[in-house]
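J.: Features from Swiss-Prot:
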DISULFID  Cys36-Cys39  disulfide bond
DISULFID  Cys101-Cys128  disulfide bond
TOPO_DOM  1-9  topological domain 'Cytoplasmic'
TOPO_DOM  27-44  topological domain 'Periplasmic'
TOPO_DOM  62-67  topological domain 'Cytoplasmic'
TOPO_DOM  86-142  topological domain 'Periplasmic'
TRANSMEM  10-26  transmembrane segment
TRANSMEM  45-61  transmembrane segment
TRANSMEM  68-85  transmembrane segment
TRANSMEM  143-161  transmembrane segment
Amino acid sequence: MPLASPRQLFLLAFLACVAIMGGALYLEHVVGLEACPLCVVQRIFFILIGLTCLAGAIQGPGLRGRRIYSVLVFLLALGGGATAARQVWLQTVPLDQLPACLPSLDYMMQALPFQEVIRLVLHGTADCAQVSWTLFTLSIPEWSLLAFVAYLGFSIVQFLRRA
């Protein structure tokens, strides 16, 4: 007999996303850390994963629906993981080899075409390479990458599960 139903697991995954976003907002508004553009993209991926898991928890789909939700979570976690991995890589590059800092995301959205904003944000800057906070010697993007890997594992388990 399984320990938890797929519906309960989707709810648990949603609550984990809520906790992750709560932690991100705490670090931004209480601790005072400014989110770089890659951090904002990772937050968007966490929100989309959370909404997908919430939909799966509310609907309580059958096998086919659960697999569809699992594939969506997998793809979103893959995108978020790639973004987090890019930021982790940027943190290893010497500062003199990084591109200059970008203007705020709000300004870029108003002044530049959308495709250019996406290209600049995903390219990363010196802002994204700065390690301003760690927990157990892991930076925020490293924790984010671990969370995305956990969501990849979750989606695979949900996809392969029969009951």
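Sequential numbering from 1, following the chain as shown.
For all residues, glycine too, the Cβ spot is worked out from N, Cα and C.
Tell me what's around each of these sites.
T.: Within 10 Å of the C-beta atom of Cys39 (disulfide bond) sit 22 other C-beta atoms, taking all shown protein chains into account.
Residue counts for the topological domain 'Periplasmic' (27-44) under DSSP (helix as H, G, I; strand as E, B; rest coil) come to 13 helix, 0 strand, 5 coil.
Sequence-distant contacts of the topological domain 'Cytoplasmic' (62-67) (same chain, at least 6 residues past either end, Cβ-Cβ under 8 Å): 6, 56, 158-159, 161-162.
Restricting the average to the topological domain 'Periplasmic' (86-142) gives a pLDDT of 75.
When Cβ-Cβ distances below 8 Å are used as the criterion, the transmembrane segment (10-26) is approached by residues 4, 35, 39, 43, 46-47, 49-50, 53-54, 56-57, 69, 73, 147, 150-151, 154, 158 of the same chain, each at least six residues removed from its ends.
Note on the transmembrane segment (45-61): residues 6-8, 10-11, 13-14, 17-18, 20-21, 24, 68-69, 72-73, 76-77, 79-80, 83, 147-148, 151 of its chain, located 6 or more positions outside it, place their CB under 8 angstroms from a CB of the stretch.
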J.: I'd like the Cβ neighbour count for Cys36 (disulfide bond), meaning other Cβ atoms within 10 Å of its Cβ, all protein chains included.
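T.: There are 25 such Cβ atoms around Cys36 (disulfide bond).
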J.: So what's near the transmembrane segment (68-85) in sequence-distant terms, Cβ-Cβ under 8 Å and 6+ beyond its ends?
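T.: Contacts with the transmembrane segment (68-85): 10, 13, 38, 41-42, 45-46, 48-49, 52-53, 55-56, 61, 122, 141-142, 144-145, 148-149, 151-152, 154-156, 158-159.
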